[in-house]
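Visitor: Marked as region 'Disordered' by TrEMBL: 35-59, 99-130. If you look up TrEMBL, you'll see 108-118 marked as compositional bias 'Basic and acidic residues'. According to TrEMBL, the feature domain 'Methyltransferase type 12' maps to 180-283.
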Amino acid sequence: MAAPSAERERRRFGQRFLTDPARLFQHNAWDNVEWSEEQEASARSKVQENSSQLLPQDKQEEYDVNAKRYWDDFYKIHENGFFKDRHWLFTEFPELAPNRNSSQNGDSLHEFSTKEESSSEGPGRCENGHCSLESRTEGQLNLIQSTAEVCTEDLAAQEHRELNQRDGDYPGSAASYRVLEVGCGAGNTVFPILQTNNDPGLFVYCCDFSTTAVDLVQNNTEYDSSRCFAFVHDLCNDQSPFPMPEESLDIVILIFVLSAILPEKMQSIVTRLSRLLKPGGMILLRDYGRYDLAQLRFKKGQCLSENFYVRGDGTRVYFFTQDELDHLFTTAGLEKIQNLVDRRLQVNRGKQMTMYRVWIQCKYRRPTSPR
């Protein structure tokens with residue numbers, strides 16, 4: 001899709017420059033940008049082109065089996081220097097800090113990091129794949145011989161955890177406001193919440209598919225085990241337990257996470273997460289929308305299935321529509337509070353380049369009474 005010139009965008013958004021001329025130089029971004037029919041058709045054509053050649057099935061399976069390794073490698077390389085702390089969260093999701101003064105919120109969507117959501121190479125952070133799948137090496141085949149004993153021990157341990165949860169003996173059991181971030185990465189959402197929300201009853205859980213990512217969180221000087229519990233969790237494994245019981249959470253956060261999940265597994269994951277919510281509790285989501293710049297930049301041979309791609313580093317990403325997300329959440333029994341598209345224009349004046357980003361933001365609530 002040919003990018004319009006900077007001068008054309010100046011004319012199109014001239015009123016914004018006039019009312020706030022410093023905005024161009026400070027933020028280089030405008031939200032709620034309307035697309036023309038021509039622009040949308042061009043984007044659709046680009047996606048049809050880059051998805052015309054699918055990755056061979058054996059390669060797709062390889063990315064699936066090794067998903068955990070790809071995310072571990074990602075965090076080993078970038079550690080906590082890739083993403084910027086998401087202080088914009090409290091403007092978009094005030095539920096994360098209910099007592100926060102509105103004057104503290106700052107500028108809404110213009111605080112997005114150009115390192116993270118602006119980069120087609122940079123993933124959100126996330127869970128993905130099947131860590132339970134193993135390649136059939138000789139050593140692993142030897143391990144399979146003891147599977148029955150291991151499963152019995154795991155089952156006993158899980159039953160013990162569930163018993164303790166019912167008795168109120170679990171991390172954060174004394175808290176009055178519980179938040180879970182799924183796909184915490186290096187903690188760029190978790191730590192702003194802990195710094196901003198000073199509610200003494202707050203407890204934040206955070207998990208990631210990557211052991212390396214969770215280690216980064218736990219080793220951060222801001223990590224406070226009296227207010228936070230970080231743990232490794234594979235969303236795609238239905239038997240992977242959560243440390244808290246069902247109906248115990250006020251908020252579940254999904255920030256650029258669901259897009260990294262195999263599409264056929266998304267529904268079961270959303271349904272399982274919804275069961276963790278108290279009546280009235282909410283899932284907050286922000287993720288990639290259809291025809292985002294990142295989707296248009298993929299080349300032939302990187303497409304796994306419709307609107308689902310693999311990046312050069314082996315991590316994967318899906319691009320949603322509002323209707324797809326609405327179906328996932330309502331099928332899980334949640335009711336819509338918000339489901340909106342944010343189409344943004346970002347201008348790189350140094351390179352005379354305009355970039356169009358498309359993100360979707362959602363809030364879905366568990367009904368306070370059975371439907």
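Our numbering is plain: 1 for the first residue shown, then up by one each step along the chain.
Yeah, the Cβs are placed from backbone N, Cα and C, and that goes for glycine too.
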Visitor: Across the whole of the domain 'Methyltransferase type 12' (180-283), what does the mean pLDDT come to? Round it, please.
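Guide: Mean model confidence (pLDDT) across the domain 'Methyltransferase type 12' (180-283) is 93.
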Visitor: With helix taken as DSSP H, G or I, strand as E or B and everything else coil, how many residues of the domain 'Methyltransferase type 12' (180-283) land in each class?
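Guide: Secondary-structure composition of the domain 'Methyltransferase type 12' (180-283): 30 helix, 29 strand, 45 coil.
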